[in-house]
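Look at TrEMBL and you will find 99 tagged as active site, acyl-thioester intermediate. TrEMBL lists 392, 422 with the feature active site, proton acceptor. Look at TrEMBL and you will find 15-288 tagged as domain 'Thiolase N-terminal'. Per TrEMBL, the feature domain 'Thiolase C-terminal' maps to 296-434.
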Ligand SMILES: CC(=O)SCCNC(=O)CCNC(=O)[C@H](O)C(C)(C)COP(=O)(O)OP(=O)(O)OC[C@H]1O[C@@H](n2cnc3c(N)ncnc32)[C@H](O)[C@@H]1OP(=O)(O)O
């Protein structure tokens with residue numbers, strides 16, 4: 001449905017993003033090795049409450065998410081409330097929308113504020129690629145359940161005899177589609193081939209991403225939105241993202257071997273997001289509440305759109321479907337935007353989406369529209385670099401994009417910005433933000 005969206009409460013308040021904060025993003029098994037998504041979520045929410053002097057008693061709701069679920073703590077949002085000394089009466093529930101999870105948690109809080117059921121809410125997401133729910137094979141899992149029912153030693157031995165050595169091997173979570181078994185990297189390869197995205201263009205996007213991210217850190221533009229984390233057992237700390245390579249060289253990138261199609265592929269470790277650990281969070285309120293509490297919001301939500309497409313082909317094309325929804329709902333076109341932040345899952349995926357933004361054929365055939373979404377002006381695109389450089393702790397990336405967009409628009413004197421991401425399951429998210 002593409003009806004115009006008026007993101008205002010019944011009393012005419014806009015939805016204010018009061019603050020956004022994140023942990024540094026760290027490559028798998030580095031600074032946050034051994035620290036769970038829940039612990040990173042607790043760090044960022046606790047720091048946000050303290051840094052913005054927000055009385056926990058005022059927080060009506062926490063909506064949070066993680067993509068790689070921790071079976072021991074399935075409702076991460078509630079564990080954050082209970083683990084940060086927040087008011088125990090703060091309602092909390094968890095959501096997942098794969099790589100667009102913190103777009104979803106933000107929208108959930110916004111919708112509750114619009115409905116008038118929540119006044120102050122916290123949204124966000126966290127993921128760890130280092131603390132993983134490594135499981136057992138289906139056969140072993142079944143045997144373990146059967147063992148609890150076995151009455152005699154003979155019954156137990158029979159169950160063990162069903163198992164081979166291979167059934168005993170641990171099973172790590174896969175970065176692949178459940179329904180097709182195709183990995184995200186293989187989808188990126190498919191998109192590169194279908195849409196004619198060259199290796200050179202992918203590598204150039206990676207170089208740009210790292211250079212802009214390194215410049216942003218150097219200029220001090222990320223300092224306010226990234227906290228320093230003291231890492232349990234508190235002998236070390238991390239205060240900056242550790243995947244960004246200031247001295248990235250195109251010649252070195254060109255020598256890397258493709259990972260997902262070793263013979264004919266073009267997707268490498270450098271033009272893919274690395275597996276990453278991190279967490280992000282946002283404080284949301286109606287504009288008048290924010291002002292009454294003395295806050296100067298960093299931005300306002302103008303519209304959003306979620307889209308769902310096929311998972312067999314072009315599965316990471318979500319931004320090209322979600323963006324026109326968000327633009328229509330805001331009553332805007334791409335040209336009205338001052339900045340665009342697109343999650344770079346893989347350079348091939350971002351470049352394929354950019355191509356589809358400008359394709360009239362795509363608009364006609366896939367979107368049922370007569371005009372293309374529009375050409376992306378590179379001077380407005382991922383101006384602080386993107387996920388290729390920062391990394392991508394799945395559920396935390398939306399929070400990074402939204403906060404980074406608001407703060408960068410502010411530095412430029414305000415304006416309108418699009419944040420958009422692809423997600424597993426053929427999902428796409430887009431959100432338009434305005435900053436004064
Ligand atoms: C909706 C979505 O977001 S879908 C996306 C979901 N995310 C994913 O699917 C994650 C995709 N990424 C991955 O799976 C992994 O990062 C992989 C498989 C691509 C690479 O993993 P690894 O092989 O462990 O990468 P690793 O860090 O060891 O890098 C391999 C080599 O490339 C080099 N390299 C990596 N990045 C760069 C870079 N930017 N510049 C130069 N060299 C680089 C490394 O130095 C390393 O070189 P070495 O072997 O000489 O030490």
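Cβ atoms are placed via backbone N, Cα and C, with glycine included.
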Assigned element (helix, strand, coil) containing residue 422 (active site, proton acceptor), judged by DSSP = strand
Work out, from DSSP, the number of helix, strand and coil residues along the domain 'Thiolase C-terminal' (296-434).
-> 60 helix, 34 strand, 45 coil
Least Cβ-packed of the active-site residues 392, 422 (other Cβ atoms within 10 Å) is 392
